[in-house]
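This report concerns only the one structure given below.
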Amino acid sequence: MADDRQGIFAAEDPFALLRNWLEEAGRSEPNDPVAMALATVDATGLPNVRTVLLKGIADGGLTFYTNYQSRKAGELDNSGKAAVLFHWKSLRRQVRARGTVSRQDPAASDAYFASRDLGSRLGAWASQQSRPLQDRATLEARVAEMAARFGENPPRPPHWGGYVLRPDCLEFWADGANRLHDRFEWVRDGDSWRVTRLNP
Ligand SMILES: Cc1cc2nc3c(=O)[nH]c(=O)nc-3n(C[C@H](O)[C@H](O)[C@H](O)COP(=O)(O)O)c2cc1C
Ligand code: PXP
């Protein structure tokens, strides 16, 4: 097959390509260029999807942070699998990735947590993410309680931290005229990647 993967699709590996596209999206998207839809499945196989922010790309993994007692955490821990999707409307491009997922090394989660602003650190203590909440005032009272308990230096809550998605398949898509889009799928093949152009 002729290798016609050039221009915006040229890269040595899919993570370098994703970084390039994120950099472009950072210049053109009005908000949250790192926002990605995170898909999981529940114990019955029913899918679930919500947005999270990508916070790092390293060692073949994509990192995001959340509450370890949330609905998504239950589904991630249970299945060990996930998929993510970026859609940058300004660029008319999308990337998807799927693979295995695991909790991040606690020291790395500590370091990221420490970098967040104080309000968000207290918020992570206060929010029982995905569980019912009686009213807004209850949440605000919990934030005040956590502020009184921890002051300026809250440690990372045991119920909050990172996940790392290690994709074995990523697809890069760019809009084309007449719906004849360009698509390249990268599939892990041992230590390297096999790239296939797909029909639009
Ligand atoms: C742009 C955007 C970014 C978000 N980023 C995160 C995130 O990084 N981590 C997180 O826990 N929730 C994030 N959320 C909230 C989630 O989409 C979701 O509502 C929440 O995590 C609860 O999901 P769950 O009940 O499936 O666990 C974000 C929402 C939006 C719209
Ligand atoms: C509930 C929640 N947790 C974590 C994050 C991750 O982003 P940050 O660490 O920048 O707050 C977000 C981003 O919207 C969020 O909404």
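Glycine too: its Cβ is placed from the backbone N, Cα and C atoms.
Copied over from TrEMBL, here are the features:
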{"type": "DOMAIN", "residues": "23-147", "note": "domain 'Pyridoxamine 5'-phosphate oxidase N-terminal'"}
{"type": "BINDING", "residues": "50-55, 65-66, 71-72, Gln94, 129-130, Trp173, Arg183", "note": "FMN binding site"}
{"type": "BINDING", "residues": "Lys55, Tyr112, Arg116, Ser120, Arg179, Leu180, His181", "note": "substrate binding site"}
{"type": "DOMAIN", "residues": "160-200", "note": "domain 'Pyridoxine 5'-phosphate oxidase dimerisation C-terminal'"}
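All features noted in TrEMBL, drawn onto the structure.
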residue: Arg50; record: FMN binding site; DSSP (3 states): strand
residue: Tyr65; record: FMN binding site; DSSP (3 states): strand
residue: Gln94; record: FMN binding site; DSSP (3 states): strand
residue: Arg116; record: substrate binding site; DSSP (3 states): coil
residue: Ser130; record: FMN binding site; DSSP (3 states): coil
residue: Arg179; record: substrate binding site; DSSP (3 states): helix
Entry from the binding-site residues list Val52, Leu54, Leu180 having the most other CB atoms no farther than 10 A: Leu54
Taking residues Lys55, Tyr112, Arg116, Ser120, Arg179, Leu180, His181, which bind substrate in the record, the widest Cα spacing (Å, whole number): 43
Secondary structure content of the domain 'Pyridoxamine 5'-phosphate oxidase N-terminal' (23-147), with strand meaning DSSP E or B: 46 helix, 43 strand, 36 coil
Chain-internal residues near Tyr65 (FMN binding site), provided their CB is under 8 angstroms and they sit 6+ positions away: Val52, Leu53, Lys55, Ser109, Tyr112, Phe113, Trp160, Gly161, Gly162, Tyr163
Distance-selected binding-site residues near ligand 1 (C-beta under 6 Å), from Arg50, Val52, Arg71, Arg116: Arg50, Val52, Arg71
Neighbour count (Cβ, 10 Å) for His181 (substrate binding site): 16
Ser120 (substrate binding site) versus binding-site residues Arg50, Arg71, Gln94, Ser130, Arg183 - nearest by Cα: Ser130
Cα-nearest neighbour of Arg71 (FMN binding site) within the listed binding-site residues, Arg116, Arg179, Leu180, His181: Arg116
Rounded to the nearest Å - Cα separation of Leu54 (FMN binding site) and Arg116 (substrate binding site): 14
Using Cα positions only, nearest of the binding-site residues to Gln94 (FMN binding site) (Arg116, Arg179, Leu180, His181): His181
Cβ under 6 Å from ligand 2: qualifying binding-site residues of Leu54, Tyr65, Gln94, His181, Arg183: Tyr65
Cβ neighbour count (within 10 Å, all chains shown) around Arg71 (FMN binding site): 16
Euclidean distance between Cα atoms of Arg50 (FMN binding site) and Arg116 (substrate binding site), Å: 21
Arg50 (FMN binding site) and Leu180 (substrate binding site), Cα-Cα, nearest whole angstrom: 28
